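According to TrEMBL, the signal peptide annotation covers 1-24. Feature annotation from TrEMBL assigns transmembrane segment to 51-70, 77-101, 134-153, 165-183, 203-224. Residues or ranges marked as domain 'VTT' in TrEMBL: 65-183.
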Amino acid sequence: MAFTWGSAVRITLLLLLVAAVATACFTLPVEKILKDFLLWVEQDLGPWGPLVLAVAYIPLTVLAVPASVLTLGGGYLFGLPVGFVADSIGATVGAGAAFLLGRTIGRSFVVSRLKDYPQFRAVAIAIRRSGFKIVLLLRLVPLLPFNMLNYLLSVTPVPIGQYMLASWLGMMPITFALVYVGTTLKDLSDVTHGWGEFSKTRWAFIILGLAVSVILMICVTRVAKAALEKALAENEDIDINATPRVACCR
């Protein structure tokens with residue numbers, strides 16, 4: 001890959017992002033920070049609380065910090081309807097922010113390393129053809145962590161609009177489940193420690209989630225296999241850099 005100052009800056013920013021994520025995960029008291037944040041939302045923000053909770057997803061998602069505490073907190077603080085709306089919007093906006101960051105900073109670097117691999121080219125074609133369906137199924141099935149999936153999808157040709165809509169719809173079931181569990185918690189401290197003990201309701205969600213995951217995993221496998229085989233058969237040469245772009249990514 002030819003050296004350019006632009007690629008050097010992108011690689012540097014990518015390394016800084018990785019360093020920031022590592023620092024956040026291993027040195028910061030993330031659990032305490034989130035608990036204090038939820039306490040502040042509960043005591044001081046009043047009607048602005050749901051909006052601030054939704055916005056808080058952006059830095060957590062960009063830094064790849066698990067945001068399930070916010071999802072549980074939304075249910076505990078605001079109840080099912082308001083909490084679900086705030087968490088659903090927040091998770092989608094956060095996923096979009098991470099996607100745009102990954103596409104802006106890391107896409108050219110990752111693609112330059114993978115473009116000679118037929119499998120990656122096939123995946124690029126499959127997502128370009130059935131991007132909405134594949135993203136939706138990947139969101140419904142917990143095969144990959146939420147934060148990891150945001151960045152992995154950012155280097156594929158899926159358009160931002162399809163990505164956002166499919167992510168929003170695909171994350172609804174797990175968001176609803178976590179918000180509901182949040183409404184059953186009796187104290188704010190349970191938001192960060194509430195999964196230590198499993199009630200019958202939580203076991204039911206786990207079993208149901210596993211069953212749905214198995215079914216959807218089969219669907220994902222079939223769709224992906226068919227799309228990839230078709231892509232490999234019909235497209236021996238593909239320009240995976242021909243991706244729909246948005247103004248802020250140029």
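Cβ from N, Cα, C; glycine included.
Within the chain carrying the transmembrane segment (77-101), a Cβ under 8 angstroms from the stretch's Cβ atoms is held by residues 17, 38, 41-42, 49-51, 53-58, 60-62, 64, 67, 70-71, 146-147, 150-151, 153-154, 160, 163-164, 167-168, 171-172, 175-176, 178-180, 182-183, 246, 248-249, all 6 or more beyond its ends. Mean pLDDT of the predicted structure over the domain 'VTT' (65-183): 81. Applying DSSP to the domain 'VTT' (65-183) sorts its residues as follows: 103 helix, 0 strand, 16 coil.
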